[in-house]
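Sequence annotations record features per position, and here Swiss-Prot assigns domain 'EngA-type G 1' to 4-169. Under the heading GTP 1 binding site, Swiss-Prot lists 10-17, 57-61, 120-123. Among the features that Swiss-Prot reports, domain 'EngA-type G 2' is placed at 178-353. Residues annotated as GTP 2 binding site in Swiss-Prot, with sequence analysis given as evidence: 184-191, 231-235, 296-299. Annotation comment: Swiss-Prot describes 354-439 as domain 'KH-like', evidence class sequence analysis.
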Amino acid sequence: MALPVVAIIGRPNVGKSTLVNRLCQSREAIVHDEPGVTRDRTYQDGFWRDRDFKVVDTGGLVFDDDSEFLPEIREQANLALEEAVVALVIVDGQEGITTADESIAEFLRSRSCKTLVVVNKCESPEQGLAMAAEFWKLGLGEPYPISAIHGVGTGDLLDQVVNLFPSKDLDEVSDSPVQLAIIGRPNVGKSSLLNSICGETRAIVSSIRGTTRDTIDTRITHQGKEWKLVDTAGIRRRRSVNYGPEFFGINRSFKAIERSDVCVLVIDALDGVTEQDQRLAGRIEQEGRACLIVINKWDAVEKDSHTMSAMEKDIRSKLYFLDWAQMIFTSAVTGQRVEGIFALATLAVDQSRRRVTTSVVNEVLTEALKWRSPPTTRGGKQGRLYYGTQVAINPPSFTLFVNEPKLFGETYRRYIERQIREGLGFEGTPIKLFWRGKQQRDVEKDMARQQKGVQN
């Protein structure tokens, strides 16, 4: 059974995102004093009284404005209400009832989900009761006074919300979904790609650059595996971003890379690889995340039988530090090869979580040493690689024990990394090597202990 969903609905600047952060104990939702800052619906995890649930934050609803985004924001609110068990209608207790509040109340009366009126900006219980009384006029039931900033009344509100959830299936066991972050510059088609994958208009798509300013989380199931897809704000060069909501969205995009299991780096086939694409790729490599490179807008490229191979060669030369990443050419508009993203992303995640026994690691190292001996200094001192062992996953990490790490230059280290990757068949994930100095006698003791363990 899916987690219950709580939808946050209201006009601009009544404190919806602040309440989301309070309910979910996070700072994920963008909080900034500008109408319409939240334009897509964004999901966060909540927990109260032994119940897990999802909180979906929607854009500020307005019914008397002709702005390009407002019809789309209303559509996002509709989609949120369709999946919600409870809708929280947020109003401003200090302003009182407005025409916009009345329009939203009318909008909600035809919806099937349960509705609670939440009167925000009530900074004390006594003040709150007086402010809340006016909102009975909306005809949506009892108003609940709270202060999202200070937390006043939020415990009572959560008690009521949880009471409206369906009964919990105690036998249910849910595995953590694979977290897939869709990363890229503005306007490369990330949101269109997400919509093509999900089969619904999940993120607002517009020709205006930077129209996704939050990270947008979507859960889907594909061939029995649960995925959490994160569509991030387009990431620009830092000096071109002001300290407004876009700045916070970009930083959240970097956070999405950190918490992802696999990143889909989206490149515009018409633009090719830019400096900013290289910086993004470097960030993914730095964080040690599995990665898939998606070349989007392939339908718009004039091509012949050699175009794909030539473009792949060019892209790989510019993203050489992601030479281990799989690449796929797609069109989010036509759906071409979009289905293949799951197969390659699954491969990358599985590879990043793979463990290899110490004996197999050392078989590969022994073969590598046969083909190319460690370097020797001008003074005649040669490096010695004793053995290696895997010490971590996500990404796969190996410690190599040697006589003196400084004897192994960058060229030889890259050679060993390449031999480990090819010999062990790692694809779609970076690997990390740690070079550790060790005395010969300590190595002999280690080998003796390992041999004894095998015999036992």
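Each Cβ is built from the backbone N, Cα and C atoms, and glycine gets one as well.
Quantities reported herein were computed from a predicted structural model and do not represent experimental measurements.
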Pairwise Cα distance for ASN13 (GTP 1 binding site)/ASN187 (GTP 2 binding site) [Å, integer]: 27
If you draw a 10 Å sphere around the Cβ of THR58 (GTP 1 binding site), how many other Cβ atoms fall inside it, taking every protein chain shown into account? 25
Between LYS190 (GTP 2 binding site) and THR58 (GTP 1 binding site), find the distance joining the two CA atoms and give it rounded to the nearest Å. 20
What does the structure give for the C-alpha distance between GLY10 (GTP 1 binding site) and GLY184 (GTP 2 binding site)? Integer Å is fine. 31
Give me the CA-CA distance between ASN187 (GTP 2 binding site) and THR58 (GTP 1 binding site), in Å, as a whole number. 22
Three-state composition of the domain 'KH-like' (354-439), taking helix and strand from DSSP: 32 helix, 22 strand, 32 coil
Separation of alpha carbons, THR58 (GTP 1 binding site) and GLY184 (GTP 2 binding site) (Å): 23
